[in-house]
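Student: Okay, here's the structure, questions in a sec.
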Amino acid sequence: MEAAPSTSPCRYSYEEYKETADWLLAHTKQRPKIAIICGSGLGGLADLLGDKAVFPYEDIPRFPTSTVPGHAGQLVFGSLQGRDCVCMQGRFHFYEGYDIHTVTYPVRVFYLLGVETVIVTNAAGGLNGSYNVGDIMILKDHINMPGFAGQNPLCGHNDIRFGERFPCMSDAYDRDLRAVARQTAEEQGCGGFLQEGVYCMLAGPSYETIAECKLLQMLGADCVGMSTVPEVVVARHCGLRVLGLSLVTNKVVTDYDSAEKANHEEVLRTTQRRTQDLERLVSQLIANI
Ligand SMILES: O=P(O)(O)O[C@H]1O[C@H](CO)[C@@H](O)[C@H]1O
Ligand SMILES: Nc1nc2[nH]cnc2c(=O)[nH]1
């Protein structure tokens with residue numbers, strides 16, 4: 001199959017992703033098989049890596065840059081539990097004005113680096129009434145709400161070197177990795193605040209209205225956020241195994257008499273509170289997968 005012609009509606013050609021990957025391979029000795037995408041306020045995960053090589057996004061050819069508080073904006077290569085990893089300290093969101101192909105640009109770069117497993121983390125609002133602020137949810141599925149509206153990162157020319165035209169998503173979140181995550185969470189003392197559920201992505205950046213929260217609850221979503229799903233779709237398209245973890249940073253408001261208001265300060269405060277638990281969990285997970 002030929003590379004996408006320049007007139008293709010696909011935003012980037014194989015050669016562009018490859019240029020970024022080759023530059024990174026030439027600038028680090030690490031050969032990561034595991035990538036970690038850090039959610040809002042969860043960039044501390046990258047600090048766990050030893051023997052680090054750090055690349056600010058603006059120094060990496062063709063890489064987008066990160067604009068959200070709580071997202072540092074650098075790619076960190078290093079070693080964790082004796083395994084080479086690459087960590088995105090700051091992700092890209094659709095609401096920042098990036099098109100959906102740019103949001104997922106790093107995932108195809110990871111694939112070309114030789115990554116096989118992606119651990120995606122995020123901060124999310126709890127929709128499930130039995131969830132508490134501070135809970136960690138293993139993603140077992142997602143609802144791609146922007147995808148319903150035509151914003152799927154696989155729209156456009158399909159380059160078969162990445163994957164097939166119509167990839168399956170019923171196995172998006174790897175069953176074996178979820179089992180390892182459950183077991184590891186128990187061992188690490190996180191069992192008391194562990195959940196497993198469905199993440200729904202909305203485009204953001206406005207938080208949800210009360211009616212929208214009620215709708216999402218009816219749809220079967222347990223958490224809501226503004227990220228993760230595009231990255232997972234692209235990762236699965238190119239055959240990467242995915243583990244998703246949400247930190248429930250706030251409970252969504254579903255009561256018209258409530259004085260609570262969703263806000264990013266609370267989101268970042270909760271991530272600070274749970275950062276050590278998450279770091280312990282992810283670190284041990286990497287040893288166990
Ligand atoms: O999904 P991450 O990047 O963790 O961040 C979440 O937190 C921000 C809103 O507070 C949004 O960006 C939402 O997606
Ligand atoms: N959409 C959305 N994203 C979040 N990220 C963290 N909390 C929330 C939330 O309540 N809603």
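Backbone N, Cα and C define each Cβ position, glycine as well.
So TrEMBL has the following annotated:
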type: BINDING; residues: SER40, HIS71, ARG91, PHE92, HIS93, ALA123, SER227; note: phosphate binding site
type: BINDING; residues: GLU208, ASN250; note: purine D-ribonucleoside binding site
type: COILED; residues: 261-288; note: coiled coil
type: DOMAIN; residues: 33-287; note: domain 'Nucleoside phosphorylase'
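What's the neighbourhood like for these features in this structure?
Tutor: For SER227 (phosphate binding site), applying a Cβ distance below 8 Å and a minimum sequence separation of six or more within one chain yields GLY39, ARG91, HIS93, ASN122, MET201.
Secondary structure from DSSP puts GLU208 (purine D-ribonucleoside binding site) in coil. The local packing around GLU208 (purine D-ribonucleoside binding site), expressed as other Cβ atoms within 10 Å of its Cβ over all shown chains, amounts to 20.
Looking at the coiled coil (261-288) alone, the prediction's average pLDDT is 91.
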Student: Within 10 Å of each Cβ, count the other Cβ atoms and name the one among the binding-site residues SER40, ASN250 with the highest count.
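Tutor: Buried the deepest by this measure is SER40.
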Student: Taking the binding-site residues PHE92, GLU208, ASN250, which residues show a Cβ-atom distance to ligand 1 below 6 Å?
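Tutor: None, by Cβ distance under 6 Å.
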Student: Of SER40, ARG91, PHE92, ALA123, which binding-site residues come close to ligand 2, meaning Cβ under 6 Å from one of its atoms?
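Tutor: Cβ < 6 Å from ligand 2, in sequence order: ALA123.
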